[in-house]
Amino acid sequence: MTILQALDVTKNYRIGNRDITVLDRVSLDVKEGEFLVVKGESGSGKSTLLTLLSGLDRPDQGRVFIEGRDITDLTEDALAPLRNSTFGFVFQSFHLVPSLTALENVSFPAELRQDRTARAKAEALLERVGLAHRMASFPHQLSGGEKQRCAICRALINEPRIIFADEPTGNLDSVNGSAILQLLLELQRERGTTLLLVTHSPEIAQSADRVVTLKDGRVVTDAAHG
Amino acid sequence: MVNLRFIARQMTGAKRQCAVFILCVALSMITLVSLGSFRESVESSLLRDAQSLHGADIIVRSHAPLPSSIEQEIAALVHNGQAKSARFWDFYSVVQKVTGEGSLLCDLKVVEPGYPFYGRVLLGSGKALTEVLRPGSVVVEQQLLDRLRLRLGDPLKVGNATLVVRDVVLQEPDRPVNFFSLGPRVFVAAADKDALGLIGLGSRVEHVTLLKLAHKGDLDAIAARLSSVSDETRVRVATYKNAGSRVKRFFDNLLFFLNLSGIFTLLLSGFGIQSTLFALLKEQERTIAVLKALGAKSRFIIGHFLTVTLVLGAIGTLVGLTGSFALQHFLPSLFSGLIPAQVTLQISFSAIWQGVLIGLLVVLLFTALPLYRLKEVKPRAIFGKEEAARIWSRSTWVIAGVGALFFLSMVLIRLRDLKTGLYFVLALVGLILVSYLLASVVLWLLRKSSPKNLALRQALKGLFRPHNASLSIIVTLSAALGVIFSLTLVEKNLDASFIESFPPGAPNVFLIDIQPDQKEGVARLLGPGATYYPIVKGTVSAVNEKPINPEQERKSRGDNLGREMNLTYRNDLLTDERVVTGGTLFRKDWGDTLQVSVLDTVLKMHDMKVGDSITFKIQGVPMTARIASIRTRTSSGFTPFFYFVFPPEAIAGAPHTIFAAVRVDKNRISPLQNQVVAQFPNISVIDLTETVVIFGRIMAKLSTIVRFFTSFSIAAGVLIVVSSVFATRYARIQEAVYFTILGARRRFVLAVFAAENLLLGLVSGAIALLMSQVASLLICRKGLDMEYLPYPADSLLLLAATTLLVVLVGMAVTLPLLRQKPVTFLREQSDE
Amino acid sequence: MRNLFTIFTLAICAMTGAGPAFAAGADKPASNGTIVAFGDSLTAGYGVPESEAYPAQLQRKLHQAGYQWTVINAGISGETSTGALARVEWVMKLKPDIVILETGANDGLRGQDPVLAYRNIDKIVATLQSKGVVVVLAGMRMLKNLGPAYTTKFAAIYPRVAKERKVILVPFFLEKVAGKEGLNLSDGVHPTGKGYAIVTETVYPYLVKAIKQKGGA
């Protein structure tokens, strides 16, 4: 079942007095439970595509559908429940809230929904990723790998249908990076979450079910991977 | 080499911070220049005023004709062309109508031409005194015409001479504003002096010689020489500078207060400058780290940013100077009526260059610390590894020390009073320490708390973000607001006490020596609204059995116990009295003991406390009373006060007179005086109208002026709020974006930041309010010796206004970014 | 502000001639009679210690001459003749045999109509005499600067009362003292101790006359 669909999305940026087309009529279908990698060189528009698909940004042209629903023109407030319960985000720069501990960071999205079991769920998740001993630490006290693990827990706590990961291993060394990737894959398979991951690394792309390659804002290849 | 483009980019990139910086500098400039100009205008006009207040440069007074030694000195000065002299004689006399019955005690002034050397005697005709006061003429106060029912042109018998009334005098320059007299003024020409036959042996006449000097620089030398050739007990030589004008003293106090307030505004602006610069540099931290990583030396970087601050400072100075000039248009109307009309308020150049110099010093002083800190930015800041700011490093101490010295010297220069300067600096230090303490306690309590509401909880967490500046923001805000609140509270109390002292119905006419059997008759004349006080004359002969030595007492500077006292009796307090010690005015548990209530000013003359005994001599009869209570006056106007109050039964039997105070319309006063004199010739009527009116007006103006200059402080405070909230906006915006990404609605995000700002504002405001209530209480009760009211409603209003301000500023900063899509921020973040 | 009003009231007091008054003497020793010096600041001795005011000096002089009479100082600074009249009963409590009445100067300083002072003094004398008190009336003169018409009228009060009521008159209380620089305080109006010594000399013979009249020794 198609959980996510992009139809001819186009995004332009104005830099100085030049218009740059970052995405040029890109269309994409994502099936539920799929692990999709969007690959491309830097400047290929892959991160932009992710932001459009996840509703973090609006395309200049084209439409985006989540579970058949057109989210292209939704207001921020209308997108809020989607971001809270349907999506989960993992970023290259982690983007953890500095004033919250690891535990609080993870439980936050659940608390937003007024989930009474938020704490318990967060603890369980953190234990699962091996961060039980770091629950009371603040992000600035965690290493890169620990931060990303924490971010993943945060992304998962509300059991989202889709996880958007933008170069999640970009700021990690290779050891940590592969560990993170393993974790993501494990969790994704366990729960059947759709995982949309953006990267420029061919190695990571190899583990995906499907790889979409972008170049200069256009889809170049869209092939399944073994 | 300085990279100008780099500098320009820095400034445009941080427009708001730069704007606040510029405004802070401008504010301090306006304060310095406006206040400086005002002070100079007042000082020069005061000196001019003093000259006209005394009508001369040197004034020589005596109760008898000057001894020949000094006469010769003066003659020599005149002969050499060093000075011009003019004499006058001041004394009371009873003048008489020529046709018909009528005589009146008048205050005569026989003047030589040349009087006054400065200032003008204002006549009804508008002509000059010398023109009108020809031999054979007199110029009189309107009151004389009213009371004797005369008109201009009528003859008047003065002494042995018959003179013609030629004009009416409206104002004399050298009759100080609050002087009163038992009779109207009459000017007589010196040429008629001998014809009067009133001056000579057996007269009590004030002989005055006025001198106008050709060269002002000789003033002190000539005055000293004149003093040395005369006997100080008989002849008093004074210059216009030291002849103690009440107006001058009043302005001295006003300027003192304004100087303090100006210095404080300067201090606040300085803190504003410092915090904006800190914030500005913090935003540039990554850039700076990169520069350092690329090999730039700290000196290079600091040099560049120093240039930035100097450029901003220069802009601020220009803005400030422009503002000062603009302000000059408004100042005259603000000060009208207070400053003699001759004064033109204008910007003085010395005030400008002084202002620029001091402004520069302030900018350098307050930017020193942030710039110096640039040294501590390490290249690894590029990677986002922030260093916790060590507040109390050595550099801070050094700079703080220099700052304290700077302000101390400013205070000293302006106020010329070491004690006050030290108190000021100590008070500020104390203020900051107390704020620090209270803020720490409150933050500790907040940290412990865990409210159920997620937004509120998040707001609290936000306050304690790693590397947060919450404590320093709260301390700065509390300290600044504390002083502003104090100024407001003290001002309100001053206002109230002045209104109390000069209420619209305040008495302006006093009647003394009313005999008890005349009271009814007088009451009929005065009508309701007059208050009567019984007066029994007596003396204090001993305290606690130890006799008083009147000689010794009279040597003390202030009032003393060696003189005759006006004792009174009643059972209750006057409306402007309050019992300080003893509980009630008189006690019920002392049986038959004679009790007395003492005013607290008596304690300054002689040590005594409740329970002590005072022996009075009341018209030959000794009476010993025990002190039952100590009272204090709560108003400072022209209302009667009594050192000793007895219960009625104690001394009602003693012969007493009655003193009455009443308010009378100005045009009814002369008729009233005539009526009283006709029916009760023994009663003297004293008219204080001019005094009360002028004083009331002066006090009203005073509070306006004070409020005007303290509004500068408020403006500085607002700037500090703005810059503090600004400084932390980055972290908050970041959080706002994260929350949005995680699915929070806008309402939630707004709630969190509103709550955070609310907490900041409320905590700072509450601490400031607490400190200011204590400080204002101390200032009013101990410093100004007046009643203190806490004004709870206004206090809460202040608190609410402050909190609202902080919230609004915070919202203004956060809101625009909430409209954006989150991705914009993320892009800026990730994009190095 | 407060200082202002203090100065103001002090000024009023000064205007009305108030000044220090004193604790009067110690307990009355056994004496032949009581003399009450009934007057204003010139009796009270404004500006000098009590022992130098004229009543105290007078008492010393009397005792030296063998007259064991007590002289009580009942002077109140700043009092006008109206005030004196109001407290005649109070003074009578002191049971005087002789009263030296010295009043009216403050009326003059305030420019009050001399007729009023005449009436008051007349009444005081009448009351005292009706109680059997021998009155010595101190004649006063007013400051020259108040004007010849006024000073003439003023000075005429005392001889007139003396004649009408047949009392002993001291022609001028401040004879040889008034206006003399060394004998007066800097205000030019109140005598110094030395001045009061002369006043005492002036009053003394009239007092002896009064004592003889009273039939005492």
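Just so it is clear, glycine is given a Cβ too, placed from its N, Cα and C backbone atoms.
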Annotated range (TrEMBL: transmembrane segment) out of B:254-281, B:674-701: B:254-281
For the domain 'ABC3 transporter permease C-terminal' (B:261-375), the number of residues DSSP places in helix, strand and coil: 95 helix, 2 strand, 18 coil
Tertiary contacts of the transmembrane segment (B:351-374), as residues 6+ beyond its ends and Cβ separation under 8 Å: 25, 28-29, 32-33, 36-37, 39-40, 266, 269-271, 273-274, 277-278, 281, 288, 298, 301-302, 305-306, 309-310, 313, 316-317, 320-321, 324, 389, 395-396, 399, 402-403, 406, 410
Arithmetic mean of per-residue pLDDT over the domain 'ABC3 transporter permease C-terminal' (B:708-821): 82
Contacting positions for the transmembrane segment (B:467-490) when only residues 6+ beyond its ends and CB under 8 Å are counted: 261, 264, 268, 271, 275, 386, 388-389, 391, 428, 431-432, 435-436, 438-440, 442-443, 710, 713-714, 716-717, 720-721, 724, 727-728, 731, 760-761, 763-765, 767-769, 771-773, 775-776, 779-780, 784, 790-791, 794-795, 798, 802, 806
Per-state residue totals over the domain 'ABC3 transporter permease C-terminal' (B:708-821) - DSSP helix, strand, coil: 99 helix, 0 strand, 15 coil
